[in-house]
Amino acid sequence: MKKMMRQAQVVRPHNLDEYLMNLLKSIYKTRNLSVEEVSQWLTSAPLNSYFRVNTLKITPLEVMTSINEQISNLKRIKNNKKEQHSVRVHKHLSDCIVISPMDKSLLDLSHKNEEVIVDIATGQSALRGSHIFAPGIMAMAPEVQVDSFISVYADLAKGCKRGYQKYYDNPMKMFVGNGVAKMNRRQLFNGDINPKGIAVEMTDPVTGIPSFKLPDEYGMLQNLPSIVTGHALDVNDNNLKVLDMCAAPGNKTTHIATLMNNKGSIDAIDKSKTKLKKVELRCNNFGIQNVKIHHFDSLISVDTNNINNNDDRPPFKNESFDRVLLDAPCSNLGQRPLLNIQVDKNLIKSFPALQRKLLINVIDSITAVDLVKPGGILVYSTCTITLEENEHNVAWVLEKFPQMELIEINSEIGSSGIATQVGLNENLCKLVRRFGPENAEEDSIGFFISKFQKKAK
């Protein structure tokens, strides 16, 4: 294989198409953000990473200590007495640990002769502090040995064939950082082997976000707005009955169960049997005992014909739940970093209709009685930034269902919604939480959270 010294160049993701540029412009025009600023935000990784602690098993202080020890074990930080890495508990969320990036001056970002090529999803994860797992590797040079120090590139062009042996010369491969190989080529691509586990331990991601390993029962890396969503349900230790309508892979389900201290009950629904296995695994790892998992379609979760005599499984009776979470399917335009933005205009436009069908099922069945009990709470959230899937859907709920009242979420985190003539006014926007490029202090993925309460009869 021909070895070549590569210059440390930065490859940016593909240019945005006209539809997406106009969409971003329409969303953020009132916030004085240019399309270039928003696209830069979308294609970059969040500044910090966040770890949500499973307080059923361990304390935040113990988790912080473990993370700090692992980061300090990096030789260049250990030998730099002035370096004090920032790992702290979030000032408003007691079960959330904030991990800041390492100082870029401490990183070795020189391009190495030996390299691996990974797919886009794996590259995105590496930029957020993940190690490289075997299924995500597309190519590895034959001379790479276990413990070799190598460079990692994401194949934005999607042109690299799995198992490719030569130097992958493509202008759209993006350098994501350096690491140490933990598998060789034979282990990755030999015959019908389906490799698992960490293939490259990332030591120097270009973002500076440190990688660390903790036991599964300690908790999980989770996006900040997703953690806020769990808290927005106001479950605490009360003996409540909760419905998670689109539960897989169980991140929010387990958080709710933890906040409830394993009391009450949670019905977790998802139509994907495969994804529900992840919910079950996560519950087992966390020691969760108050979750019932159902393979069911949330679009038909209301027992409108009164045919189900079993209260423990869907479809459920009207007014069955104290709390309902609808973390709805969406266009995912808030996920970061989006290294290869391919927008299906028709698909994006289809989501508001689906989301409204799900909201109808929560709020209003054919008999005009909803799943949420009087006085109960519904939290509606998405991981996207479009107005149609967020503020406009909230406005639609308030207009169509006068029994639902929009109430405030923790205003210390995120920003208010975006007011428009066909959406929410300025006062109502103060009650919802939006996460986006305007949130410099709480840099995170794009997200939206709203909270409704059913008026008492």
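Positions of Cβ are set from backbone N, Cα and C atoms, glycine also.
TrEMBL labels come from automatic prediction, so no person has curated them.
According to TrEMBL, the features are:
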ACT_SITE  Cys383  active site, nucleophile
BINDING   Cys246, Ala247, Ala248, Pro249, Gly250, Asn251, Lys252, Asp270, Asp297, Asp327  S-adenosyl-L-methionine binding site
DOMAIN    148-455  domain 'SAM-dependent MTase RsmB/NOP-type'
CB contacts under 8 angstroms to Cys246 (S-adenosyl-L-methionine binding site), restricted to the same chain and 6+ apart in sequence, sorted by sequence, are Ile269, Asp270, Ser298, Leu326, Asp327, Ala328, Pro329, Leu358
Count of other CB atoms lying within 10 Å of the CB belonging to Ala248 (S-adenosyl-L-methionine binding site): 22
Where does the mean pLDDT land for the domain 'SAM-dependent MTase RsmB/NOP-type' (148-455)? 89
Let me check the 10 A CB neighbour count of Cys383 (active site, nucleophile). How many other CB atoms are there? 24
Determine, to the nearest whole angstrom, how far the Cα atom of Asp297 (S-adenosyl-L-methionine binding site) is from the Cα atom of Cys383 (active site, nucleophile). 20
Which of Gly250, Lys252, Asp297, the listed binding-site residues, has fewest other Cβ atoms within 10 Å: Asp297
